[in-house]
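According to TrEMBL, the features are:
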type	residues	note
BINDING	Asn12, Glu384	Mg(2+) binding site
BINDING	Lys19, His208, Leu209, Gly210, Asn211, Gly212, Asp282, Met283, Arg284, Gly330, Ile331, Gly332, Glu333, Asn334	ATP binding site
BINDING	Arg93	substrate binding site
ACT_SITE	Asp150	active site, proton donor/acceptor
SITE	His182	site 'Transition state stabilizer'
SITE	Arg241	site 'Transition state stabilizer'
Amino acid sequence: MSETPPRVLVINSGSSSLKYQLVEPEDGVSIASGIAERIGEPVSHTEHRFGDKEVAMDQPILDHTAALREALRLFDQVGPKLEEANIVAVGHRVVQGGRYFSGPALIDDQTRNLIDQLSPLAPLHNPAHLKGIDVARKMLPDVPHVAVFDTAFFQSLPDESATYALDKETADKYSIRRYGAHGTSHQYVSGRVHDLLGRKRIRQIVLHLGNGASASAVVNGEAVDTSMGLTPLEGLVMGTRTGDIDPAAVFHLMRNGGMKIDEIDTLFNKRSGLKGLTGDNDMRSVRARANAGDKEARLALDVVLHRLVKYVGAYAAEMGGLDVLTFTAGIGENDSALRQELCDKLKMFGITLDPVANVLRSKDPRTISAADSKVRVMVVPTNEELAIAQQAMSLLD
Ligand code: ADP
């Protein structure tokens, strides 16, 4: 038997990129990682890291087959060598699992076809995932491949939370309901909170605030609501997405602005949110500008905070109370000013932050509320690759 602990190769395949990470699910160590970007363009970019060794190259990468072949070559050249890597499974991130998947699934032809069938609900994502899945199954045929779905954690949503008040026949015909997204992160982070606090009964809100942003309400480990909906467009204000907006804006822009549906799709998904309000989708720049007195940037932050307050209030009311409020992802983990501003607006819940704990920088999960706060406030770094690796392993066990 090999001395090397079991490892999972986690693959996140996009339309023009293929990211991978070799993870030890038991102790959460990332052994190696890499990316091929701008696949199919005249010059693609590849990177591979193993320990303190790193290589980066610009070279043509024709398609996903070439991208994975290059990744496997880099494993052999930079390390760890594949025959010594002890890869026991490949975990694939899949954005949309629809009503079919409420947990990880072994990828056989049937699973593959279901992921394909769900493409109309995630046209940018599922077909791109399938490219990665197909080449990986061919090139690594001796290990099981597992799909881990962004929507799976939210399949437990009660009907009243997943159902839109839309004509039932139309909703059923076109599979329109709340699927949520970022579920792997919400499940991982809320699960860590349970592990760390050692209590079963917890009503928590997880705020995943990155470039994409979403909130979830989780009672005793089960999701009961989430802000992303049919697609990741709904909910919080994001880097480039509107979040909640009156759908009548679409009719107005088509009727009176002469806009086509694809233009509005791009407008809402890529040219709105922080970017739409300030021209800048990076929270660090928006905050720096607001600190320097830029009124546009300050308004953008206030819109972000206003939406967050709405969701926290609504979810606390839905759950009949709130025990833990947890921040995660790029902004949630790093932007102590946003955490302070939000918690100041949530005083009616008896929330008080410990200002010293809040600004302490750390990669570890931590409590940042004051000892007398009625709600515990935490920062728990997310780790979607580890979560995917662990879910893949759980299926093998
Ligand atoms: P995604 O995975 O959705 O692309 P991330 O979780 O990496 O996004 O988060 C990216 C966001 O986090 C960006 O808006 C970035 O500005 C913000 N961010 C990262 N570090 C900080 C920081 N120190 N302060 C404020 N925002 C930060």
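The backbone N, Cα and C atoms fix where each Cβ goes, glycine too.
Where the annotation comes from TrEMBL, it is an automatic prediction and has not been curated.
Checked against ligand 1, the recorded positions Lys19, Asp150, His182, Glu384 give no residue with a Cβ under 6 Å from it. Long-range Cβ contacts of Lys19 (ATP binding site) within its own chain (separation 6+, distance under 8 Å): Ile11, Asn12, Ser13, Ser33, Gly34, Ile35.
Here the binding-site residues are Asn12, Asn211, and the one whose Cβ sees the fewest other Cβ atoms within 10 Å is Asn211. The residue listed as 'substrate binding site' and Asp282 (ATP binding site) have their C-alpha atoms 25 Å apart, to the nearest angstrom. Per-site Cβ counts within 10 Å over the recorded positions Arg93, Arg241, Arg284 peak at Arg241. Within the same chain, the residues at least 6 positions away from His182 (site 'Transition state stabilizer') whose Cβ sits under 8 Å from its Cβ are Asp150, His208, Gly212, Ser214, Ser216, Met228, Pro232, listed in sequence order. When secondary structure is read from DSSP and collapsed to three states, Arg284 (ATP binding site) falls in the helix class. The sparsest Cβ neighbourhood within 10 Å, among the listed recorded positions (Asp150, Asp282, Glu333, Glu384), is found at Asp282. Around Leu209 (ATP binding site), the same-chain residues at least 6 positions away in sequence with a Cβ under 8 Å from its Cβ are Leu236, Phe327, Thr328, Ala329, Gly330, Ile331, Gly332, Asp335, Leu338. Its own atom aside, the Cβ of Ile331 (ATP binding site) has 24 Cβ atoms within 10 angstroms in the protein chains shown. Across the structure, Glu333 (ATP binding site) and Glu384 (Mg(2+) binding site) are spaced 14 Å apart at their Cα atoms. In the three-state DSSP reading, His182 (site 'Transition state stabilizer') counts as coil.
Under the three-state DSSP scheme, Asp150 (active site, proton donor/acceptor) falls in the coil class. In the three-state DSSP scheme, Arg241 (site 'Transition state stabilizer') is classed as coil.
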